[in-house]
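Working notes for the structure below.
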Amino acid sequence: MYKLLKKDGSSRRGEFSTPHGVVQTPVFMNVGTLAAIKGAVSTEDLKEIGCQIELSNTYHLSLRPGDEVIRKLGGLHKFMNWDRPILTDSGGFQVFSLSGMRKIKEEGVYFNSHIDGRKIFMGPEESMRIQSNLASTVAMAFDECVENPAPKEYVEDSVKRTTRWLKRCKIEIDRLNSMPHTINNKQMLFGINQGGVHDDIRMEHAKIISDMDLDGYAIGGLAVGETHEEMYRVLEKVVPNLPENKPIYLMGVGTPANILEAVERGVDFFDCVMPSRNGRHSHVFTSYGVIHLLNAKYELDDNPIDSECSCPTCKNYTRAYIRHLFKAKEMLAMRLCVIHNLYFYNNLMKEIRESIDKGNFLQYKKEKLEKWNETV
């Protein structure tokens, strides 16, 4: 259940109550695709750096270790030792990214495993059953993610199919939640708005799925080929057509600057692999933009990554030391940078929430973007 606490322009400050705890929004979901953050970051680390909610992937976990294995071990929370909310992606984005290996039918999608090439089928019911086995807090509806740009006629047909699939997802999750052996019989369902960069399709689809009274609504099919300006325009068209009393999630986005722009347009939830992926490659976010620790100028730099940061990495280690670890190919280098980047993102969201509470979000956003000098 979502409670809107404060609005500052279109930006929203809220609370999302779940069976696994309350999430303060706007929020960044830390991405643990295979039930772990890449970079040797533990769930204890995540709590220390302020992570409220974690995201894992249905498709990948269904292949390895298998959703039945996780079900038999008590569900994803118990499996990964995490007692806070978890959102599971439906697997749709991963399936549709296998463009040369899949066939879309009304019943679902036929594709080949990226691991061993075996043939797999996934449709709305299969996705819901896998997510029920995982026992995540929030299950995402199975949808088709169309890369931008795409022919309008195809996008229209795809959105209609996604709507039919959403109805099937809702029927199936209601059935699964009513069954006695279901681990989490209060699993929530978020629907996904699609429509590419076509405003009319997006707005009509938002109105249709809003009538289905879901637990939350995501905006998908962005950050897949369109410009930032197109993304922001789509948000301005879609968000006002979604229910104000439900959380709004922008999938797979993005940079800190993207997040600020989307919060200004009313978005509550975000996820992106960028902080962990960039950290593993020695790129770290700071109060003054992104720096690359492998640059020679950091060889004798005994400052922390960011003097304004309070993360465990910045409290204890220098740029020179972390650069040495990368040069020596020590795993600790990746761990320290991923922890720092995730702290940066989670702390950014905390500051955003505080700025909305104070009614000065736009001023906060302006100062941040100027300070980052558009490098974030």
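The backbone N, Cα and C atoms fix where each Cβ goes, glycine too.
These figures come from a predicted structure and were not determined experimentally.
Cross-referencing Gln187, Gln194 against the substrate binding annotation in Swiss-Prot, which names Asp89, Ser90, Gly91, Gly92, Phe93, Asp143, Gly221, picks out Gln194. Site annotation (Swiss-Prot, ligand Zn(2+)) includes Cys309, Cys311, Cys314; from His292, His324, His340, the additional listed residue is His340.
Residues 252-258 are the range that Swiss-Prot records as region 'RNA binding', among 126-132, 161-167, 252-258. If you compare Cα positions, Cys311 (Zn(2+) binding site) sits closest to Asp89 out of the recorded positions Asp89, Ser90, Gly91, Gly92, Gly221. Look at Asp89 (active site, proton acceptor): DSSP puts it in a strand. Taking the recorded positions Asp89, Asp143, Asp271 in turn, the residue surrounded by the fewest other Cβ atoms inside 10 Å of its Cβ turns out to be Asp271. In the region 'RNA binding' (252-258), helix, strand and coil residues by DSSP number 3 helix, 0 strand, 4 coil. Recorded residues Cys309 (Zn(2+) binding site) and Phe93 (substrate binding site) have their alpha carbons 34 Å apart, per Cα-Cα distance.
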